[in-house]
Amino acid sequence: MCGIWALFGSDECLSVQCLSAMKIAHRGPDAFRFENVNGFTNCCFGFHRLAVVDQLYGMQPIRVKKFPYLWLCYNGEIYNFKQLQKQFGFEFQTLVDGEVILHLYNRGGIEQTASMLDGVFAFILLDTANRKVFLARDTYGVRPLFKVLTDDGFLGVCSEAKGLTNLKHSTSLCPKVEPFLPGHYEVLDLKPSGKVASVELVKFHSYKDEPLHVACDTVETLPSGSFDLETVKSNIRILFENAVRKRLMAHRRIGCLLSGGLDSSLVAAVLLKLMKEININYPLQTFAIGMENSPDLLAARKVAAHIGSEHHEVIFNSEEGIQAIEEVIFSLETYDITTIRASIGMYLVSKYIRKKTDSVVIFSGEGSDELTQGYIYFHKAPSPEEAAEESERLLKELYLFDVLRADRTTAAHGLELRVPFLDHRFTSYYLSLPAELRIPKNGIEKYLLRQSFEDTNLLPKEILWRPKEAFSDGIASLKKSWFSILQDYIDQQVDDLLLEKAVEKYPFNPPKTKESYYYRQIFEKHYSGQSSWLPHYWMPRWVKATDPSARTLKHYKSATQE
């Protein structure tokens, strides 16, 4: 996890522009480099480094003797770089996983490069010999990337939007900053003036398709075409374990977020099992957050005891949660209601990890709810086919919601997130299964996933079959939910009259509740006029919902509700 930033064709002094690059310094607390491009005095790269792999030669932009005309700035982890090196006979100059991007590009161009990378990534690749700039982002957008491109060809690229919002440019007072689409690459021509012109934007991978890099995966070819339940369950276990195993690549200490729900518990259990197998010589630290005696804390405690991790509990009170709201919205760069609610706990636990421990590479359970139909409202799906379509829509929009939350809350404290449920091969296999296999059964969501691990003893039965909690309830005390605490506080902050006039003040995505209005005010304070970053609010489907919380749905049964 790092922070990348680059400008091409800047009309303003680069020493002034580079102040914007410092806005993402939290993403790379270990080192910073600012480098001009030879022959293009108005083009430059900025890089904030979190040293996780090859601590000696990992500074960027990466340049190697063999390709002196290539410049690479990337944020991510390429899990199959050694397999690619072996398959194609690449001669690496460093131990950095991202170096493989240079070799792949030299061998087969940008299409093959993006398609063959098994990992999470956002990169800027400059080819001065052919006068090209390439941008690319992984399938689910696990690693963030934003860009601004003006009519006269000034290009700015950054890991977070905040590094681009205050750039100066002669022809535009406020250039439009946009998220770069996941699963795409863009080709731009570099002119002698340093300005660029977009040539094409290409979708290189769809999450339903088996990725091209399967050809050099470490797992053998699985039985295909058979949807026999025992075969399916075995394949799910094999691919999920493989997804966790490949993400063990790190020179820094590994930890795991643990809410005590199914997803994070499965990740933690498999992670610890594999760490023992490869003789990692330190205990796995797991981290849970909640208010005193919250359901998540109690469930996580059971899981930690069962798997034998070194467990940490972070207890926060309502005041600490409320005080964090503005910092969280600034970090997230969104005003989405459920994203902000769920981010408070993750932001506070990440802060604890950074200050109190030496764990840097943090595993988490993001992506499972979207992939395995874990949200409560899936019980209301009219048909298995419509449930499957909704699952795909959620995966497509992950970069706007859960993946955004997970990246920004951890990156704000210089941590690197790893999400095995979003492994390309695991997700493409799960989505290839018949729609009726993937729906909730017997009133239980994620039934197939739970069933697949039933006979493994990885988790206690009550955890494996624990119902879905709304995140804001999971971290709440039994006396009062975090949802209720937020409503009570915000009710005092937003006047009824303000809410009545919300549509006039905020015509795009107008707030419909006081909570939504409160978040929007804070967002506009930091990112005025950038409301289009969120195309729509996250809301459940097939139910008449005015609030995204699971606790507002009839099916939801929480221990915090009487």
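Every residue gets a Cβ built from N, Cα and C, even glycine.
Note: TrEMBL annotation is automatic and uncurated.
Annotated features, as they stand in TrEMBL:
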ACT_SITE  Cys2  active site, for GATase activity
BINDING   Asp97  L-glutamine binding site
BINDING   Leu257, Ile289, Ser364, Gly365  ATP binding site
DOMAIN    2-191  domain 'Glutamine amidotransferase type-2'
SITE      Glu366  site 'Important for beta-aspartyl-AMP intermediate formation'
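Spread of the ATP binding residues is 15 Å (greatest Cα-Cα distance among Leu257, Ile289, Ser364, Gly365). For the pair the residue listed as 'active site, for GATase activity' and the residue listed as 'L-glutamine binding site', the C-alpha distance works out to 13 angstrom. Comparing the recorded positions Leu257, Gly365, Glu366 on other C-beta atoms within 10 angstroms of each C-beta gives the minimum for Gly365. Around Asp97 (L-glutamine binding site), a 10 Å sphere centred on its CB holds 26 further CB atoms from the protein chains shown. The Cβ of Ser364 (ATP binding site) has 26 neighbouring Cβ atoms from other residues within 10 Å, across all protein chains displayed. Taking the Cα of Glu366 (site 'Important for beta-aspartyl-AMP intermediate formation') as the reference point, the closest of the binding-site residues Asp97, Leu257, Ile289 is Leu257.
Taking the mean position of the Cβ atoms of Leu257, Ile289, Ser364, Gly365 as the ATP site, the remaining same-chain residues with a Cβ inside 8 Å of that point are Cys256, Leu258, Ser259, Ser264, Phe287, Met346, Val349, Ile362, Phe363. Here the candidates are the binding-site residues Leu257, Ile289, Ser364, Gly365, and by Cα distance the one nearest Asp97 (L-glutamine binding site) turns out to be Ser364. Each residue in the domain 'Glutamine amidotransferase type-2' (2-191) has a pLDDT score, and their mean in this model is 91. Neighbours of Cys2 (active site, for GATase activity), defined as other CB atoms within 10 A of its CB across all chains, total 26.
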